[in-house]
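Heads up, the thing below is written out as structure tokens.
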Amino acid sequence: MESREHLPSVDRIIGNAFAKYALVVYKYRWLFLLVPCCFACVFALGFYFRPYRTRANSVETFTPTDGASYYEKAVINSHWPLVQNAFIPGKFFGSKHWIQVVVNAKDGGNILRKEILNATEQFNELVMDQLSVWSEFKNRTINYRDLCLSWGTECYDNGHIALFKQVKELENYIKITYPVARSVDTPLYLGSLISGVQVLNDTGTFNYATHVRLSYNLKQWPPETDEDSYRWKIMLQEFIVKEFKSPLISVGLWHAESINQGLAENVDIVVPDFGVSYLILGLFCTLTNMMVIHRDGKLSIDWIRSKPIVAFLGVFSSAIAVVISMGFLLIVGMEYVLINAVMPILAISVGVSDMFIMVSAWWETNPMDRTESRLARMLSEAGVAITITSFTDVVSFLVGAWSSFPSVISFCIYTALAMLMDYVCQITFFAAVMAFFGDFETERRHCYFLWRKMKLRNETLKEVRNSKCTELVKEGLSSAMPSNKHVPSLDTRNGKSVKGDMDLSNDAEPHETLTSIFFQKYYGRILFKPCVKVVVCLLYVIYAGIAIWGCLVIKEGLRPADLVHANHYVVKFYRMSTPFRMQGMQAHVVINRPQNLTLSKNRDRLFDLLRELEHKDYTLGSNATIFFLKEYLNYLNNLGALISNVNTLWTVDLKDWIRYTGGRPLWDTDIVWGDPKKGEDQYLIKAFRFQIGLKGFDTASEQVAVVKHLRKTASRYPELNVTTYHEFWPHVDQYMSVAPTTWRNLSVSFVSMIIIAMIMIPNLYCGLFITMSMLSINVGVYGYMSLWGVNLDCISMITLIMSIGFAVDLSAHISYGYICAQGTPAQRASHSLQVLGFPVLLSALATLLGVSVLSVAEVPLIVTFFKTVFLVMVLGLLHSHIFLPTALTLFLPNPSRVASSINVLRKFQTCFRRFMLGNKRPNSAPQ
């Protein structure tokens, strides 16, 4: 291309730099070999800090830091901080040691049957009275009643079980209806205590339910009690999960540390897979780096030019990079999240592709040249390729780190540095390895038994050059990258350019390989037939149509059960608690700026808010609302009192009613009164809250709809400063944030990859096809992962962003190889596949094999990584080997006439100058 003769492009500059750098590597090869290993040993000490860098509450790492739920929870905790002897379940969110238990009948039937309620009550009594731990602080055995959060001196003892057992005996005193049971002046919300309820009439009477919820809440201070509470909680967990057996009931458990435990167990599941992954990659790379030659009608292994140990050291080079990167970040204090356990497998699987490129470039050099000459040519060719791929991978992960999810930020930073260090280790450690083994090859040493020198065969140089080699792995980068004629010849003695002293061109006569024969004579001829092109176009239309359909039906959300392995007790609890999410969960509505209740317009405004919140599509209606003001109005109506705007009715009388009513514990934990010690009016209501019953809160889309309704309604009453909250809100924030964050990061990453491709490979049409290929691959990954059961969440968001970098890797070589080739469109496409098809395939297979161990992990979070990487590689190969070559022959038949991006910029500059000069001529012309 004309412009390349006048203005050096980035790839030429990088090639020149690597050719000179190679001579330094060869001269100081021992240094380049040992220094990375020493760095790995030093930074490996950073793993000592891993437990200290791991966030205590791992669930928070999957919640956006800018999520509204953080503020909403802080509002409730500021108004109603946890008080250990004034506790009511469901009212406080600062508790550290809460345990929820769900019970259902093993036969799936009515849990209100006498025998099922008896079994449930026996279980509850056993937990509260018989499960005990030894307290070093109190020097005695303690049980739940010694540790429980209480109201006064009484523990919450799940009294609703006794209530259900004595329905007939208590019917004259308590009206037991769903969702709220009532005594004379006290409501009891049953929606969060039983589920699967079948009501008999409009009054809410019921005699059937499927699940009952129990709760146990423990003290968390002083520190000694906190430790006792933790040990009792773990004892209860072990009892329910491993010991408790009943022929009548099934029990599920969930507590504050459940997800943290599950994530830690995921690490224990994945870490053993490291060894399996390394073994698989080592064997694969070793086998594919053996060279089989065809001479005199026989096939035999070339024990000199084969590189099995080099391949294994290539895997080791990637492992060194992982150790250095993780150790460094742990030492400097970067937060570590438990999903980072997947990163080493992913980084090493991707990293070995650089090894394939470098070994393939080595095999393109002339075996008759000196080692330093071959090393210079190898790095001048492979250096450009691995710089492009490494740079795109690093940038894609850095873009991914632009996120509000702590888990995504940590994972992307750790992986980006691992990719960068892999690049550094490839051009230092692995380049030194190639220098040593280049000398071994010159000395004709056996590829396995390096102390053994192979005897010379009785053959001429011409016979050696004319022998046809069948190489299992051979990447023709010299045809795909710029010609190395521009690489300067350097005198290895003083580093100065000495013309003719080194010839980097391959003097060996060209020979065909099995892969080149296949792609040139068979695959290419079939693929580029007109009828086959039509079939390929139809297949692409089908592929794109299914992918787009998948994009339209994708589901969002990372359920808590997806964070743990399939056999974890949280999965059972989450399944058993589904009926509660379908109907009965309680949301808190806080009025942070109460208006003067004496004025009727303020009360009307408050009840307008309540009616809007109690939308029939999202809540159980007014019957499920627990609000002190409603109960107070009912009380006044029952008395026949005149509801007027008298101040004392809404201040003194209201507080006296709360003080003496049976529901006082409920209302005392719902109202913040003025503090006389601070000079405030004791009858002043500074803030209050009420609770509404939710329904249809099971799937991610339903949860998002409910939360959006509540928050949007609250925003329409700014004078009241309304806050809504439920402990599930942080998960909903994740659902609402993941899609906008994904699209933003994908867009930025997409543009970044285009810019990088245009800079590194300066050809407009090449950049265009790389862009289209990236877009097509990512739409395919997005759509097909939906059809494969993968939701859009913060985990799949990472891999989607990662897939853009991988798409560049898979499409750049084919596109650029086509641009640089000669002949007809079919010949150019066949040549590009001939020299690049097999190595690209090997790189993808290496990645797939490396991550394949994740497919059997039985952890949805980890399997998501495997599925998305699998889709990226398979769809990338589909594009690089079928769709992209076909598109190039159809839409770019004559690339020799296409101007490079540099040439276009030069023409734009020329036109701009002419335009400016043209504007100046009239001003300078004589009148």
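Cβ atoms are placed via backbone N, Cα and C, with glycine included.
These come from TrEMBL:
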type: DOMAIN; residues: 268-436; note: domain 'SSD'
type: DOMAIN; residues: 767-890; note: domain 'SSD'
type: TRANSMEM; residues: 30-49; note: transmembrane segment
type: TRANSMEM; residues: 269-288; note: transmembrane segment
type: TRANSMEM; residues: 309-331; note: transmembrane segment
type: TRANSMEM; residues: 337-363; note: transmembrane segment
type: TRANSMEM; residues: 384-402; note: transmembrane segment
type: TRANSMEM; residues: 408-437; note: transmembrane segment
type: TRANSMEM; residues: 531-550; note: transmembrane segment
type: TRANSMEM; residues: 743-761; note: transmembrane segment
type: TRANSMEM; residues: 768-785; note: transmembrane segment
type: TRANSMEM; residues: 797-821; note: transmembrane segment
type: TRANSMEM; residues: 833-857; note: transmembrane segment
type: TRANSMEM; residues: 869-892; note: transmembrane segment
Contacting positions for the transmembrane segment (869-892) when only residues 6+ beyond its ends and CB under 8 Å are counted: 346, 349, 527-528, 533, 536-537, 539-540, 543, 765, 769, 772-773, 776-777, 780-781, 784-785, 788, 799, 802-803, 806-807, 809-811, 813-815, 818, 825-826, 828-829, 832-833, 837, 840-841, 844, 847-848, 851, 855, 898
Number of helical, extended and coil residues in the domain 'SSD' (767-890), per DSSP: 111 helix, 1 strand, 12 coil
Of 30-49, 384-402, 743-761, 797-821, 833-857, whichever stretch has the most CB pairs under 8 A to the transmembrane segment (309-331): 30-49
Residues of the parent chain within Cβ reach of the transmembrane segment (531-550), under 8 Å, 6 or more residues beyond its termini: 776, 779-780, 782-787, 878, 882-883, 886, 889-890
Contact check, the transmembrane segment (269-288) vs the transmembrane segment (743-761), 3+ Cβ pairs under 8 Å, seq sep 6+: no
Recorded stretch, among 30-49, 337-363, 797-821, 833-857, maximising Cβ pairs under 8 Å relative to the transmembrane segment (384-402): 797-821
When counting Cβ pairs under 8 Å to the transmembrane segment (743-761), the leader among 337-363, 408-437, 768-785, 797-821, 833-857: 797-821
Contact yes or no, the transmembrane segment (833-857) and the transmembrane segment (408-437), 3+ Cβ pairs under 8 Å, gap 6+: no
Cβ contacts under 8 Å made by the transmembrane segment (768-785) with residues that lie 6+ beyond its boundaries: 543-544, 546-551, 554, 746, 750, 753-754, 757, 761, 792, 796, 799-800, 803-804, 807-808, 810-812, 815, 867-868, 871-872, 875-876, 879-880, 883-884, 887-888, 892
